[in-house]
Each structure stands twice: as C-alpha cells, then as structure tokens.
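S.K.: Take this structure, written in structure tokens, and hold onto it; I'll ask about it next.
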Amino acid sequence: MVSSTLLVMSISLFLGLSILLVVHGKDFNQDIDITWGDGRGNILNNGTLLNLGLDQSSGSGFQSKAEYLYGKVDMQIKLVPGNSAGTVTTFYLKSQGLTWDEIDFEFLGNVSGDPYIVHTNVYTQGKGDREQQFYLWFDPTAAFHNYSILWNPSHIVFYIDGKPIREFKNLEVLGVAYPKNQPMRMYGSLWNADDWATRGGLVKTNWSQGPFVASFMNYNSENACVWSIVNGTTTTSPCSPGDSTSSSSSSTSEWFSQRGMDSSSKKVLRWVQRKFMVYNYCKDKKRFSNGLPVECTAKNKNTKS
C-alpha cells in the first residue's frame, strides 16, 4: 500500500513539474523552409508561429534547413480542431535515400468529441512496421503542447509535455538495425490520409469543415548535433558531449550520454502505456505470425517501449 502511494505521488509530482517545461524556440524564418503546399503554409508573427493548411486540393509541409546526427528536438503544436477526421499532422525526423531512417510523430484526426490518436513509428534502413499508438489524455486543439524526440547512440525516446511515452533501444547486439549513420532533417506536415487515418479509413475527411489548420511554435534544436559540410566535404563523425557543433555542451552531455531512462521516468512511461496505449506492434501476433520482431522479445523488454 505504501509503495503504491509513493508511486502515485511520484507520478503526480513528475506530471506536475512537466507542465512547467519551457522551450526556447528559434525564428522559423532562420531555421525552416516551407517545402510544399503552394502558399498553404505560412510563417507569421515575426517568425514565431508557423501555420500549415489543408484543403481538398493540397496539404502543406516544411523541413529544417539543418540536418542532425543525434539530438533532442522539441516542437510545440496545436492540432486541427473540430471534426479533423481523415487529417494527419506530423512532426518527425527523416534521412534521405532508399534505405532511410525515420522517427515519427503522426497525429490522427477524429470526429468532434473523440480523442486524437498519436501514431509513432521508427524506421531503420527503410524498414518500419514498428507502430505504437496512444490516445492523447488532453485536448491537443485547445492549446499548444510540447512534443519531443530524443535520439542518441543508446536509445530513442518520444516525449509529450516532458512525459516519456515510448522508448526504442539500441539492440544492434541482437541484430536489430538502429539509426546511427544517416543525418536526418526535421519535418512537419498536414495532409489528407482518409484512406487509413481514422478508424482504418472508415471515416472520411469532411471537406465542408475545411480549410484545416495546424499550428507550430517554439521549435528547439539547441540540443541537436548539426551535421556539417565543410568545403564540400561531409563531416562523418557525430558530435559527442561537449562538441562545439551543439550550442550547449553541458546539455549535450546530459542527453548524448544518457544510456536509459531513470526510475521515475520509467514509472511515468509505464503509466502512460498502461492507461493510453491502443496499439503495440510487439503484441500483434496475428500480424507477425512467423514470430514477433527480435526487439519485442529481448530480455530488456523493448516490447513496452
């Protein structure tokens, strides 16, 4: 009973503190290129706000000017309000080429009153199929919320308002590919995916509710390692703790050398997954009838991460 009480107190304290998280953002004009949408994406308010639009003709999207090899990136997002069924808003990291790496946040719209689903995935060398989905436990359309990706040599962690919701560990020792050699850009987009996004495609986009708008602010890449090209030559080594390619050596050391989550973070992770997870590829034996992926059966339990 005492241990249960302490667990509740610990989680409550962690959740309360995470609300105080402050993200210092950059100027979108300096850090972001709007890459598609024919004017449906706009940078406003002296570079502090970016809106993406979607109508029946097209969605819109952007990418970071810089590429990163490892980092912690944050974005505050306010999702499409009202009947957003069929729409997908994204925030993700992705490399180039046919054997790309990718770390995804995708927010699946729904009919008014139903909760949003956040869809996460990790691609390595062009292969994904590592989906985990969660209901959001708040209204993501009423205010901006902070979404973060931590990617270092040991693990990848997805955060919402400072709370870890998923961890993908480096299990190369077991033959599981891990993103480590390909620099990634940060991307965001708003697009129509009514063939699959809402109830497996059963609910279609109601275009009379459009145009749809998702808003982004406070992009923070201060703790990301910029992949640099000097005199036409690509720097092939990632930054390490204290490297000048990151703007803050002390904070770089903290996230770069992190080998796993501490006990309090693990408790919050378990709480989120127990309460809000709606799909986990590591539990889908029907889909993987010939055996679950290696990381799902590893002793260090990537199954719940």
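Using N, Cα and C of the backbone, Cβ positions are placed for all residues, glycine too.
As annotated by Swiss-Prot, active site, nucleophile applies to E102. The xyloglucan binding site annotation in Swiss-Prot covers E106, H119, T120, N121, D129, R130, E131, D195, W196, G200, R287, and the record cites similarity to another entry as its basis. Residues or ranges marked as disulfide bond by Swiss-Prot: C225-C239, C282-C296. According to Swiss-Prot, the feature domain 'GH16' maps to 26-216, an assignment based on sequence analysis. Annotation source Swiss-Prot lists site 'Important for catalytic activity' at D104.
I'm curious about the neighbourhood of these features; can you describe it?
M.R.: Summarising the environment of E102 (active site, nucleophile), the number of other Cβ atoms within 10 Å of its Cβ, over all protein chains shown, is 18.
Taken residue by residue with DSSP, T120 (xyloglucan binding site) is part of a strand.
Under the DSSP three-state reduction, C225 (disulfide bond) is assigned to strand.
Every protein chain shown contributes to the tally, and the Cβ of C296 (disulfide bond) ends up with 21 other Cβ atoms within 10 Å.
The Cβ of D104 (site 'Important for catalytic activity') has 21 neighbouring Cβ atoms from other residues within 10 Å, across all protein chains displayed.
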S.K.: Measuring Cα to Cα across E106, H119, T120, N121, D129, R130, E131, D195, W196, G200, R287, which the record gives as the xyloglucan binders, how far apart are the two most distant ones in Å?
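M.R.: Taking every pair of listed residues, the largest Cα separation comes to 21 Å.
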S.K.: Please report how many Å separate the Cα atom of C296 (disulfide bond) from that of E131 (xyloglucan binding site), as a whole number.
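M.R.: Between the alpha carbons of C296 (disulfide bond) and E131 (xyloglucan binding site) there are 12 Å.
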S.K.: Select one residue from C225, C282: among these disulfide-bonded residues, choose the one with the most other Cβ atoms within 10 Å of its Cβ.
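M.R.: Of the disulfide-bonded residues C225, C282, the most buried by Cβ count within 10 Å is C225.
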S.K.: Measure from the CA atom of E131 (xyloglucan binding site) to the CA atom of C282 (disulfide bond) and give the result in Å, rounded to a whole number.
M.R.: 9
S.K.: What kind of secondary structure is C296 (disulfide bond) part of, going by DSSP in three states?
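M.R.: The residue in question, C296 (disulfide bond), is helix (DSSP, three-state).
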S.K.: In DSSP terms, helix, strand or coil for R287 (xyloglucan binding site)?
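M.R.: The residue in question, R287 (xyloglucan binding site), is coil (DSSP, three-state).
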